[in-house]
Amino acid sequence: MCVESDGCEIEGCSSSDEVHTLSGSMSPGLKSNPDLHPCKPGEKFRAALLRCRSPTAAAGILSFGNVLNYMDRYTVVGVLLDIQKHFSVTDSEAGLLQTVFICSFMVAAPIFGYLGDRFNRKIILSCGIFFWSAVTLSSSFITKEYYWLFVLSRGLVGIGESSYSSISPTIIGDLFTNNTRTMMLSVFYFAIPLGSGLGYILGSSAKEAAGDWHWALRVSPVLGMTAGTLILFFVPEPKRGSADQLGGRLKTRTPWICDMKALAKNRSYVFSSLASSAVSFATGAFGMWIPLYLFRAQVVQKTVVPCTDEPCSSKDSLIFGAITCVTGLLGVLIGAATTRLCRQKTERADPLVCAVSMLGSAIFICLIFVVAKKSIVGAYICIFIGETLLFLNWAITADILMYVVIPTRRATAIAFQGFTSHILGDAGSPYLIGLISDALQKTYAHSALWQFLSLGYALMLCPFVIVLGGMFFLATALFFLDDREKAEKQLSQLTKSPSSVKVST
């Protein structure tokens, strides 16, 4: 039998079990006692909730929340053409929506990383979800005279979503280890392309069903609040390092300054963060502009007419969203399977798989701009292959971090990796691509062909950045084994008594 602190007997527990309270604390299982009283109906319900809080269920709920995080982010992109028409804004002004979102996201990430290494993580996650859900719902009622307010609302949403992306992977990292952790992180990071694709689909479908693009922003908040509630009740708060069987033996916590110095000296962490920046640059620009680029390609081919009144055609957003979902699944599965296979051949498999996939992706992304003018089907095929290769490295990059960073500074590491990848990547890429496109369009402002070509020329920057990212992953491979060994030594030092520990930075 197990008991809660009020002396209530909980049925279905063995004497060796532990009871996880809703606050995240744990009480050891106790033997049956004749003084215990039977559980009341409400207490039985609570006991049932506790029994449902398995690591697998927690990983599933966190992955669901990650889907919603990215779905909300790309719902706006799914109705971007309607937003441009409604607020009468240019390409660069429309690109500002994503740039402001990412800027607030990356500024908040280090703050949440610091909090996530020191306080109850699931409470922070739930508050973040409730916050962005409320702001997204409120933004759907902003009128066309207040575009600046709409842009500001996306910045506030970025703050809420930052809490989730910075902290949730560390909970999974503390619930699982080795290949199981790789698999669970693969599921979690599959939520990125799945949520992104569903964002396009949700935005387009909700607009078509309601006849008004504003309704695209009124669905994800309801789902977000549901996810926040599930996290509060069903996700445990594991001790940091518990999956490495060190949760109860970590005797010292390193200061934040010490953490930052150690991360700056961690070459694998630095190079993999720079590589992640290249991925973010490309995915941010593509996610924002590819549906519009393909629409303009069809205008040039005279298969569709230019959009002059709302609602505009959403076909390309729907197709691109579906492709993103499928390629995300394939990329994560192929990445996990390939890495597991390659680990049997070399211990540097993780960064090497990422490097090869990045370089291969750049080739097919270049081909998009070669074939789009003549064949939309050919462009979609290139997008499919290019995205699949690009998505291979998401979960693997997170696993690299888990290997080379000790548990007590992982939330900080993830937060600053996110900060770096956003400030060098998708914080500026949507706006930069729109700015280049607008500058090129000035020569032939009213030419449909030049509008198509100018956006294509601007997007050609992406494959070059992807190649650079592949080089950074190759650099990561050079230092991966040394940094992993250092992390293991630091972790063993942290399990000693505080008086005998001197943690290297």
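Here the Cβ of each residue, glycine as well, is placed from N, Cα and C on the backbone.
Per TrEMBL, the features are as follows:
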DOMAIN    58-487  domain 'Major facilitator superfamily (MFS) profile'
TRANSMEM  96-116  transmembrane segment
TRANSMEM  123-142  transmembrane segment
TRANSMEM  184-203  transmembrane segment
TRANSMEM  215-235  transmembrane segment
TRANSMEM  269-290  transmembrane segment
TRANSMEM  318-339  transmembrane segment
TRANSMEM  351-372  transmembrane segment
TRANSMEM  378-406  transmembrane segment
TRANSMEM  457-481  transmembrane segment
Where else in the chain does the transmembrane segment (318-339) make close Cβ contacts, counting only residues six or more beyond its ends and a cut-off under 8 Å? 74, 78, 182-183, 186-187, 189-190, 192-194, 196-201, 204-205, 287, 290-291, 294, 349-350, 353, 357, 380, 383-384, 387-396, 399
For the transmembrane segment (215-235), which partner among 96-116, 123-142, 269-290 gives the most CB pairs under 8 Å? 123-142
With pairs fewer than 6 apart in sequence excluded, do the transmembrane segment (269-290) and the transmembrane segment (457-481) have three or more C-beta pairs that lie under 8 Å? yes
Given the model, what does the mean pLDDT over the domain 'Major facilitator superfamily (MFS) profile' (58-487) come out as? 82
